[in-house]
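Chemist: Below is one structure. I have some questions about it.
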Ligand code: RB5
């Protein structure tokens, strides 16, 4: 699996923590920034990660900002992206099993690095359950194909 990760200035510490986790898990990743000492705009980081996921250049994406909300809104504008904003381990598991989410968003001003690490670990290792959930995800895909 190959993962693209990025954050704005509000998510740098968790981004570093998740990179460390992926190294421990021997997961290949590309870090798309930010290189920020100052304030940056989250869409400039969410959209490049989302486009890499949508094109298949990477399998998954992880985005962190202050709340995770801006990153998830921006990423979900890209066709083919199912970005889940997650702040608990149960949702991390469910959004992989039920929604086949391909991007994980988290907020560094909402949770600490320890919980973020557990969420990312579960999200990275849980498989999509398929079956009836695949029908539901396909309906989102169909809508994207016909309306967007
Ligand atoms: C930046 O101050 C903050 O707005 C951003 O990190 C994020 O929380 C937006 O949703």
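Cβ coordinates are placed from backbone N, Cα and C, and glycine is handled just like the others.
For reference, TrEMBL lists these features for the protein:
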- 65: active site, proton acceptor (ACT_SITE)
- 98: active site, proton donor (ACT_SITE)
- 8, 9, 66, 67, 68, 69, 70, 99, 109, 132, 136: D-ribulose 5-phosphate binding site (BINDING)
Chemist: If you measure every Cα to Cα pair among 8, 9, 66, 67, 68, 69, 70, 99, 109, 132, 136, the residues listed for D-ribulose 5-phosphate, what is the largest value in Å?
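Modeler: The two farthest binding residues have Cα atoms 39 Å apart.
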Chemist: Cα of residue 70 (D-ribulose 5-phosphate binding site) to Cα of residue 98 (active site, proton donor): how many Å, rounded?
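Modeler: With distance taken Cα to Cα, residue 98 (active site, proton donor) is 23 Å from residue 70 (D-ribulose 5-phosphate binding site).
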Chemist: Filtering 8, 65, 68 (recorded positions) by proximity to ligand 1: which pass a Cβ cutoff of under 6 Å to any of its atoms?
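Modeler: Those recorded positions that pass the cut-off, since their Cβ is under 6 Å from ligand 1, are 8, 65.
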Chemist: Could you check which of the binding-site residues (8, 66, 68, 109, 136) sits closest to the residue listed as 'active site, proton donor', going Cα to Cα?
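Modeler: Comparing Cα positions, the candidate nearest the residue listed as 'active site, proton donor' turns out to be 136.
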Chemist: I need the CA-to-CA distance for residue 136 (D-ribulose 5-phosphate binding site) versus the residue listed as 'active site, proton acceptor', whole Å please.
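Modeler: Per the Cα atoms, residue 136 (D-ribulose 5-phosphate binding site) and the residue listed as 'active site, proton acceptor' stand 29 Å apart.
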Chemist: What kind of secondary structure is residue 70 (D-ribulose 5-phosphate binding site) part of, going by DSSP in three states?
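Modeler: DSSP call for residue 70 (D-ribulose 5-phosphate binding site): helix.
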Chemist: For the residue listed as 'active site, proton acceptor', what residues in its own chain, 6 or more apart in sequence, show a Cβ-Cβ distance under 8 Å?
Modeler: 7, 8, 10, 11, 42, 71, 105, 107, 108
Chemist: Could you tell me which three-state DSSP class residue 8 (D-ribulose 5-phosphate binding site) falls into?
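Modeler: Its secondary structure by DSSP: coil.
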Chemist: Which number gives the other C-beta atoms within 10 angstroms of the C-beta of residue 136 (D-ribulose 5-phosphate binding site), all protein chains shown included?
Modeler: 13
Chemist: 98, 109: which of these recorded positions has the highest Cβ count within 10 Å of its own Cβ?
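Modeler: For the recorded positions 98, 109, the Cβ with the most other Cβ atoms within 10 Å is 98.
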